[in-house]
Each structure stands twice: as structure tokens, then as C-alpha cells.
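Report on the structure given below.
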Amino acid sequence: MGQSCLRPLSFLPLRSAICRPFSAASTEFSILCSQGFLKEAFNKFSFLIWDNPSHFSSLLQACIQEKSFSLTKQLHSLIVTSGCFRDKFVSNHLLNAYSKLGQLDTAVSLFDKLPKRNVMSFNILIGGYVQIGDLDSASKLFDEMDERNLATWNAMITGLTQFEFNERALSMFTQMYGLGFLPDAFTLGSVLRGCAGLKDLNKGRQVHGCVLKLGLEGHLIVASSLAHMYMRSGSLREGEIVIMSMPAQTVAAWNTLIAGRAQNGCFEGALELYNLLKIAGFRPDKITFVSVISSCSELATIGQGQQVHSDVIKTGAVSVVAVVSSLISMYSKCGCLDEAQKIFEERKEADIVLWSAMISAYGFHGRGKNAIELFHHMEQEGLAPNHVTLLSLLYACSHSGMKDEGLEFFNLMVEKYNVEPQLVHYTCVVDLLGRAGRLQEAEALIRSMPVKPDGVIWKTLLSACKIHKNADMARSIAEEVLRIDPQDSASYVLLANVQASAKRWRYVSEVRKSMKDRGVKKEPGISWLELKNQVHHFIMGDKSHPQSEEVDVYLKELIEELKLEGYVPDTGSVLHDMDLEEKEYNLVHHSEKLAIAFALMNTPEGVPIRIMKNLRICGDCHMAIKYISKMKNREIIVRDSSRFHHFKDGCCSCGDYW
């Protein structure tokens, strides 16, 4: 920004400049304005303004660029005293400057005093309201208009989709189209984002038909929005077809493809596309990195994650908050908490997103005390927590058995931190109470909270019933879950396990029959690990792995060794209609045991083993892995669907509390 912008304008016309050709003078005037030299531009070329007041627009645009409210007021004063305020073009630019600078009260006052208003005047003020999220005032102004143009409709539709009033946005689009306004690329991009937000494939396809009629399928913004809509709505294939049909590929198009695969759970496919993007000669940007790093997090592929981290450093994206936050999460989810801490400590700015990511990382690893210490440190830095920070903190307390601390933070959410609890916060508190055995209190909280309960919060309480073997309460809570989601296999399995633990075999049979009648199938347990940049998957009963026979033999020998050390298979919760040998076989061949046996066979002694599982680890596997860690002198890190377990010397970091 030029130094002249820091001082009040001195409006002293230099008449000697009049001899310059007007076109050259106008060009130089525009350049000076765009570079922020407002005083020099005015003093040198004021004759242009008096000859044609529309040149005020360049000065006002420069005020927006330089974020200078004071200079805008000086120009406002000059526009009024010179009589140029009656010029609609000039007054609209002045209105736009106040609106873009966030001075909406001033803009509204100016709008009310305008001697001549046109569609542009209304559009500018509508845009100002949208900018601050005041959609009610924008809608009211929209309704007052006698005449509208496409920009008016675009401003409203964009505002509605921006704040996720997607149904209203689509309704307005239908109304606009019915009145004969043909949408442009800007309209269609916004409407397709609305369809994506709703995940409404049918409406998205209707908009696609409109795109084809208008011949805009080759427009980069429209095509990218169209692909994004299909992918968010679950149709990955249609989205990829749209991208592949684009006349020119861009990094933005690649990003849409990569994000689409990641959002649809195709994480390995996202990493594959990332490698193809680089081979094609494109330079990944911060959006690329966030999607790719998130994919590494989900797969827990530390080797590939480290390679992407190296690319982040090479491209200079290491200072981008979203990228750094993703890296912290990735290393944490890959079991490398020390590396996550290192990245956090090397951060270049104190952003709430980064603090929340690190607090969440501590919580995921059961380090509740560290999470609370970091939270207090964050407060000392003057940063106010948001709902994500407090959710991470409650989660950390829950997974560390810190009931009293968690309840205290929850009680302070509104009173001290001015954050209204959402359903996810209540779910954490139910988990806290449930793990502490306060099941009735947890149920009372669910039934009295001001937000409508979902299946997740009831299932959280059902899990607590399993921990505390409360078979009677489990039945009533399971009814609540299955009323919301009758196809949720996990709830049936939890209920069956609780009843099996209580040896209520008749109820177990009823649960199994109910699953069969409703066509509900148990989600198979899958465990995986990365070895030499290759991901190996294991599922009980699946013999597709090339070393499956050797793993079976090794695992059988390993279990016999564990039994000599005192391990006793926990067959109590296994279905009663199996003989003891079959029960033991099923327990032995749980996916995490297969993955650990494979790792022991294929990694050097002393090297930590990192295993990931899609479901919660069962009690028998948890006990067996403690024995394995001691007998084989290995640190074994298991990430299940809920948290991390660090097994070492026969103990687990969770303290048998999960």
C-alpha cells in the first residue's frame, strides 16, 4: 500500500496535466489507483474527474482494495459538495464501497438518501446484507424491488446457498427460471452447490439438464460444481465422467476428483489420483493437500503421509493453517503423536483451528491431562474456544476417565465460553456418565436435553450398558436406537453381546432372528497395516491374502504360547450355539490378531507395530494384545473406531477403560 494512503487526501488539481492526451492520462490514473496511490492519482489527474465524474469509481474501488474507510468518507464529502452525488453511477460506487468495507449502517443511510435508485443500487445493498449473513433484510429488500435483473437473483441464490438455506435457494432458482431469466454460470454454480449440500441427486440431475440446454457443460466453474454435486450426492462415477469430459484439465478439476473420492470413502483412489496429478505436471495446492492428507489419515498410511508432508514443504504450503491442521490430525491418526506435537510446536501462528486439532489428538490417544493443560495454555494466549475446541476437550476427558473435569467444562460452555452445546457435546457427556456407571443419569440427560436425540447418542448409552453388563437397560435403550435406525447392525450386535454376557441366550436368539428377518448383516471387522508403502487388509475367514496360510499357522502357535503365559480366551460373549473349540477359533481369528501375527512375521524385532481397525477392539483381543506386547517385547499401537490403544510391557494406555 502506498504511503500516501495513510494521510488525508489533499485535493489540489494540477492544471499542467491537462495537456496530456486524455486516454493516456486515464490509463495512468487507473494504474495509480489500482496500486493504492490515491492522493497522487487525484492530485495529478483531477481534471479527468471534473471532466467525467465516473472516474470517481476508480478511486472508490481503490478504497475497497486498501480497506480505507476514512478515505471513502473524504471522497463521499467531495462527491456531495461537487454535486456528483446526483450521478447514479458515482453514487452506486460510493454505496458499494461502504457495503464492501462492512459499513452497512452507513450504506443503508446512504441508500435511503439516494436521489435516484436503480436495480444496481438494490443489488449492492442486497449483496451487503448477504455479506454479513442478514438474509432476512436481503429478502425484504428483494421483495420491495419493482424491477430485478439476473444479478439480483444471483445475489439472493448465492447468499442462501452460502448459509445453507439450500431448499430456499432451489425454490428461488425455480421461480427465477419460470419468470424467463436464463441462468448464467454463476447462477448454476450456486444452485449446484445447493444440490450438493442437500445431497439431492434428482434435483442435481435436473439442473444438469438445464446446463446442457444452455450449452454451459464446458464451463470450468459449472463443470467443477456439477462434478462436486454428483460426488457429494454419492454418485462418484457420474462426477468423474463430468470432470473427464472437460475441455481443459486444471488443478481445481483434479481437486474436485480427489475430494470426491475422499468424501465417498475411496481413500486409496484419492491417493492414486494425487500421484497422477503430479505425473501430469500439475502443482498441488492447499486444497489438494487437505484432501490427500485426510485420506492418509483415514488409511493410517504413515509412509505415504510422510511423502505428502515432504511435498507440502517443497511447495511452501506448510504455513497454511488448514494444511498444518490436517498434518497434525494425520500424524495423530497414524499413531505418531510425537510428530503431531512437533508440527504443532513449529506452527507459525496461534490459530484456534491448530489448538483444537492438537487437543483432539491428545484426546484420541487418551491423554486427557495433556489436553486440559494445552487448553489452559490456549486460554492464556488469549484465544477463545469454539464448539470444536470444547468438543475435543470433552472427548479427551471422556476417553481418559476424567468425569468430573469433563462435566465441569460442559457446565461452563454457556456460562463462561458463550458456546451453546450441540448434540455432539451432549453425546460426549452421555459417554462420560455412562463410562462412570451413571447410566440412569445419562438416560435422564438424553430425555431432557433441548435438542432431539439421534441414534448415535442412544448407541453411546447402549455401549455403556455393555461395559457395565446392564442387560435390562440395554434392551430398552436398543429399542430407542432401532426406532431411529432399524438397519443399524452395530446396535443389534451390542445388544446381543450384553445379553450373552448375562447368559440370556433366549434374548440373544431373538436379536439374531430380528436381524435375519430385517435383512440386517453384521459389519465385518477389518484390520489393516502399512508395510513398505503397501496396505495389507485382514478379515476373519478371508483367505485372499497371499500369506494367509502362514499367518494361520503362526497365529495358532502364538496363542498356545500366550496360554502358557496365563492368557485365557474370553468365550463368554461368543454366541452360545457353538462348541468351545469353534468359539476359540472365532476369537483367535479376529482381524486384529491376524494383522498383528502378520506384522510379527514380517517386521524386525523391536519395531513398533501399528494396526488400524474399523470397529471397536473386543475385550478378548485387548487382553491378548497385552500379553503379546509383553511376551514379544513390542510396542503395539491399535487404532479402533473409537480411540488409540498403546500396548507396551503388558499394559495399555487406556487403562482398560474404553
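Just so you know, glycine gets a Cβ as well, placed from its N, Cα and C.
Tertiary proximity for the repeat 'PPR' (87-117) is limited to same-chain residues at least six positions away from its ends with a CB under 8 Å from its CB atoms, namely 53-54, 56-57, 60-61, 63-64, 67-69, 72, 75-76, 79, 124-125, 127-129, 131-132, 134. Per TrEMBL, the feature repeat 'PPR' maps to 87-117 (among others).
Under the heading repeat 'PPR', TrEMBL lists 118-152 (among others). Non-local neighbours of the repeat 'PPR' (118-152) in the same chain are 88, 91-92, 95-96, 98-100, 102, 104, 107-108, 111, 158-160, 162-163, 165, 181-184, 187; each lies 6+ residues outside the stretch with a CB under 8 Å from one of its CB atoms.
The repeat 'PPR' annotation in TrEMBL covers 250-284 (among others). Tertiary neighbourhood of the repeat 'PPR' (250-284): same-chain residues 220, 223-224, 227-228, 230-232, 234, 236, 239-240, 243, 291-292, 294-296, 298-299, 301, 304, 308, 311, 315, 535, selected by CB-CB distance under 8 Å and a gap of 6+ residues from either end.
Positions annotated as repeat 'PPR' by TrEMBL: 351-385 (among others). Cβ atoms under 8 Å from those of the repeat 'PPR' (351-385) belong to residues 321-322, 324-325, 328-329, 331-333, 337, 340-341, 344, 392-393, 395-402, 405, 417, 419, 643-644, 646, 653-655 of the same chain, restricted to positions at least 6 beyond its ends.
TrEMBL lists 566-658 with the feature domain 'DYW'.
Across the repeat 'PPR' (118-152), DSSP classifies residues as 26 helix, 0 strand, 9 coil. Taking DSSP states H, G and I as helix and E and B as strand, the repeat 'PPR' (351-385) has 26 helix, 0 strand, 9 coil. Regional average pLDDT for the repeat 'PPR' (118-152) in the model is 92.
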